[in-house]
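Taken verbatim from TrEMBL:
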| type | residues | note |
| --- | --- | --- |
| DISULFID | CYS890-CYS917 | disulfide bond |
| DOMAIN | 34-139 | domain 'F5/8 type C' |
| DOMAIN | 145-324 | domain 'Laminin G' |
| DOMAIN | 331-505 | domain 'Laminin G' |
| DOMAIN | 507-544 | domain 'EGF-like' |
| DOMAIN | 543-595 | domain 'Fibrinogen C-terminal' |
| DOMAIN | 752-917 | domain 'Laminin G' |
| DOMAIN | 918-956 | domain 'EGF-like' |
| DOMAIN | 976-1160 | domain 'Laminin G' |
| TRANSMEM | 1197-1219 | transmembrane segment |
Amino acid sequence: LSLWPRHCFDILHLSTLHWRKAESKPFTEGAGGWSPQATDRQPWMQLDLKDRMEVTAIATQGRYGSSDWVSGYLLLFSDTGRAWKQYREEDGRFVGNVNPNDVVHHKLSHSIRSRFLRFVPLDWNPSGWVGLRVEVYGCAYKSDVTDFDGRSSLLYRFNQKSMSTVKDVISLRFKSRQAEGVLLHGEGQRGDYITLELHRGRLALYLNLGELRFSSGRVAVTLGSLLDDQHWHSVLIERFNKQVNFTVDSHTEHFRTKGEGVSLEVDYELSFGGIPLPGKPGTFLRKNFHGCIENLYYNGINVIDLAKRRKPQIYSVGNVTFSCSEPQLVSTTFLSSSSSFLSLRATASSLGGFAVRFRFRTWNPDGLLLSTRLALEPQRLELQISNSRLRLTHHTSAQQKEEVSTGHRVNDGLWHSVSLSSRGLQVTMTLDNEPPSTIDLEDHMEAGDLYFGGCPSVNVAGCVNPTLAFQGCMRLISVNSQPIDLNLLRQGRLGNYRELQFNTCGIHDRCLPNFCEHAGQCSQSWSTFYCDCSGTGYNGATCHNSIYEVSCEAYRLAGSSSGYFSIDPDGSGPLGPTKVYCNMTEDKVWTVVTHNSTDPIRVQGSTLQKPYIMKFNYSASPEQLIALVAGSEQCQQEVTYSCRKSRLFNTRDGTPLSWWVDQAGERRTYWGGFLPGVQQCSCSLEENCIDMNYFCNCDADTDSWANDTGVLSYKEHLPVSEIVIGDTNRTFSEALYRIGPLRCYGDKSTWNAASFYQESSYLHFPTLQTELSADLSFYFKTSAPSGVFLENLGLKDFIRLELSSPSVVTFSFDVGNGPVILAVKSHVPLNDRQWHYVRAERSVKEASLQVDQLPLRFLEAPSDGHLRLRLNSQLFVGGTAARQRGFLGCIRTLTINGVTVNLEERAKMTPGVSPGCPGHCSSSSSLCHNRGRCVEKNSGYVCDCSQSAYGGSSCTEEVSVSFDRESSVTYTFQEPFSVMQNRSSQASSWYRESSRARENMAFSFMTTQSPAMLLTVSTFSQQYIAVILARNGSLQIWYHLHVDRRPDVFSPRPSSLADGRLHRIRLHREGRYIYLQVSQEMECIALTSEAELISIKSLALGKVTGLEAVSEDVMWAGSKGFIGCLSSVQFNRVAPLKAALLNHGSSLVSIRGQLVESNCGLLADSAILHSQSGKEGLILLSINLLFYKDGCCFSQIGVVTTVVFITLCAVAVMTRFLYRHRQGRTDASVTEKEHRHNLETAYRRETAYQAEPAYRTELHLNNSSSLRNNREYYI
């Protein structure tokens, strides 16, 4: 707004005012106003500015001296008064008045250049009527215009043979009658070219500078959409060297040009409106532009002005005029997919039969275009869009019909022409330039009433909406070659209609801008958009949430073992996932990132003037590495450096002869754990250099090999990005180096906590930058009944998360559509001094709230509501700006859009808040694993493993069972169970509540049998999920969500998994997307439906019989059962194997056949530990143990009788391992028998708990003073 001249905010003096069916009251200053008659179906007020003006602001008032005002309205504009376009700012609605006297101003974010304005009331005073006074601000608008008829162009010819420019600025405005056409073109002999072309209603810019090194074809940068709407659009192209800014209307794309040059060389001329064929004026290589262009500037030159003045630089091809002809193409919008229709009486044709023509555009894949009853009852014709194709159906009776289809993706938003005609005993359908399709009739055809777009709500014989009514635009309707004047229809003089908007096409591209994040693909219907997140590594309505964990530490807490994993260091932030190796064989979890040169490299012949340089390319991007290092507690990188007559530093003046470069590109000269700035090596720190006169072994400059190996551990400088070696050019001089991978451990965000002990205290941070999407997550524990976790305010908008009562967490916000409240109620109090997890998300599509493992609550956003959350105050954590309702307790791991908020640092300087959080469960050590919950006790802590498929004192012990062919475990849900059940009645009416299907499944198995049934989930409505091994041993996943459709079947691995090895399966479904991990490999699978499981009946493991409505393969696998070992099975919050082992007659679990508790998961983990330790270069010998349970020996594996030395080494290694293992645990007095008794007692306690009858609480008491493992080892 600041760029507009001050006079552009002057009040425009209106020459003419139009209103529809208005009362006879004067529109004068200070009195009167516009008010339509109560019988007007679609009132509007229209202003004629007499010439095109630039409108920058508007203001409204109610009608003077009355109770009439407009509280919400639309603003439309037009050059001709016939074809209108809606002005859009976010949702397109303008907020009006709340009384008749106050003036409400709106400054327009982008000005309107038009002659006519139309105000369409949407809401008004419910106790009064529509009343309106308006004021319009702006200034005069002048332009140079030229009209191209599709066969003409303007050529701007240079004074010399070619024009070479390093900088270009090209600007213009255009409006088009067609979706195709070239606006600008120029090219040079060396391969330069620039082309601006309208293609399928979008604007494509082709730009190349010089020759292409690799011939990859012409690549376009595309912007805009629906640009053939006969309204003005602005274009700006700015180029400097290879950097280009390309702007269409308010959307800008920044990119670098192709080619080897930095200047644009164009030979002879630039053409506007088309590309003439050389030597043949009027003949064009591509389709010409058909429409108007105004204010065309090329590097400051007004091209149209030169053409009007007939300057010699401009050559006209064809008929070029300097006024914009306005076509009489008037559109009508069908607004509703259920109730819109237009009915016309078919007039008799002089040639017999009938003929209908019209053009349409839409985004919807289904909708009725035309329906008519034929003379022979009950025959009728239906023309509809079905599955994005055009289909003509001839219904000969209630059961019989004939169909023909044509076209492909007719719901692409472009105009399509369709004709339907009868001649003799045939009906012919023609779409665009497609070949005609015909249907044969039994008798001559006479059409009755024609229903366009849909059928009336009252029953009309011969008209039934097959699926949905048409939602889109139509124009150029003609019946029997007679054009239909829709103005007569609007005036009630022709036919009938409902839910139509005349003189405008209200189509809107909801994928512009693209709200799908992380390269998600956007698709749309008329009323909303959808994001395809396949292959992005993200999920959610807008591809906002990462499907990967943020660190290796998080994978370990989820129960994973060592291997390659994809991590997303910034979560939902802009950085993508990267693959790393997670080493979980030690007490610390190490994240290992490799680079392109891990082998030792020998260097000779380098000098300080011509040094040897090696740059390291890591498996992660520099931005990902920075995020990984910043989020880790400690990082290190080993530098192995051996030398012979090769120094690191000049012994005379200390000048570095070799160095390495850190992540920021800075030169570093320390070669070990020393702090930056100290030119020393590790031997100096350890005081064992071969010559104590030097700080590095290599600086002794001896003829024999020396070593200066060290570990770089100052993490702010890591990783090493480059190494430079400069002293290997002397006789016998050489160096040998190896830069190890980057290794980091710890997750700083996990235990970043603050304690709030005054209700008036809070932490404040900068304003949330979350206009379009925000996700907030944290843990809290408290004994207070209520308190605000965080709050951020704007002028009207706000966002707030709070504990509103002891068992209710509330997420509320307002983006301009009214306050929205989501609440999750827990069946147990949340102020129990235990940690609870909260995650809230808000996007332009939906809002959601998750608390612990309770069902997700979410609401869909309105399709045409406000989008942006506009905040301007500070973010308050633990309280509010009013210092009321503050939170008392602890908050940790506060993450906002993938960025961890440093609570501890801010708490150090804030009264009433302290860094960290007291208690055993607040330490950074992971006490409870695999979704186990740490519960504080007076004398220690307890791991609650009820939500985990694992057992033991730390929820780390595999629960494994051996099955034979007849074995099965069936877990019956106590009542019809839906994955999504949580509802709220407090949401704003703008937001529509719905549910999204979710399943979480994890288990391990080991077998040599195929086919085999692993797991089935069935519902009362004959839906099912089945995980089987096919006849060839490959894994198959079956999802049958609709009884009337074929099931979705996926086989992620073609290889056999019936190989006697342990395989881990993890499956997470979010809507129609499945994220599957088989061992260490992860992939995303798309289902054909996002339906949820309705009323889950049971979950079965092993042999299943009596399955209803399942496929033959699933039934065959179910009859074969499962022979092998299943371990740690979990479905959502149900752990059926644990329930089977602890059932003691529970009605929830039924067991058939023989089940034997096994240790296959533990043995497999030992094997994995052995193989992965080998990767780290360690030699570990597998000493087989003797496992006893209830006096029975399960297995005894042979004795190692090889070389004595190796045996002694093995014994020493194992002895040290057992000693360290005992040192890390505390209570040796708990025996296996007592351990099982505790499980049984906990199970009986949980079964008696009525709120959660399906789950047990498995508690293991740990004394805070000492911890020991209860497992016995026999060697």
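Please read every residue number as a count from 1 along the shown chain.
Note that Cβ sites are derived from N, Cα and C of the backbone, with glycine treated the same way.
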Of 34-139, 145-324, 331-505, 752-917, whichever stretch has the most CB pairs under 8 A to the domain 'Fibrinogen C-terminal' (543-595): 752-917
For the domain 'EGF-like' (507-544), residues assigned helix / strand / coil by DSSP: 0 helix, 10 strand, 28 coil
Seg_contact(the domain 'Laminin G' (331-505), the domain 'Laminin G' (145-324)) with at least 3 CB pairs under 8 angstroms, min sep 6: yes
The domain 'F5/8 type C' (34-139), counted residue by residue under DSSP: helix, strand, coil: 0 helix, 62 strand, 44 coil
Whole-number mean of pLDDT values that fall within the domain 'Fibrinogen C-terminal' (543-595): 87
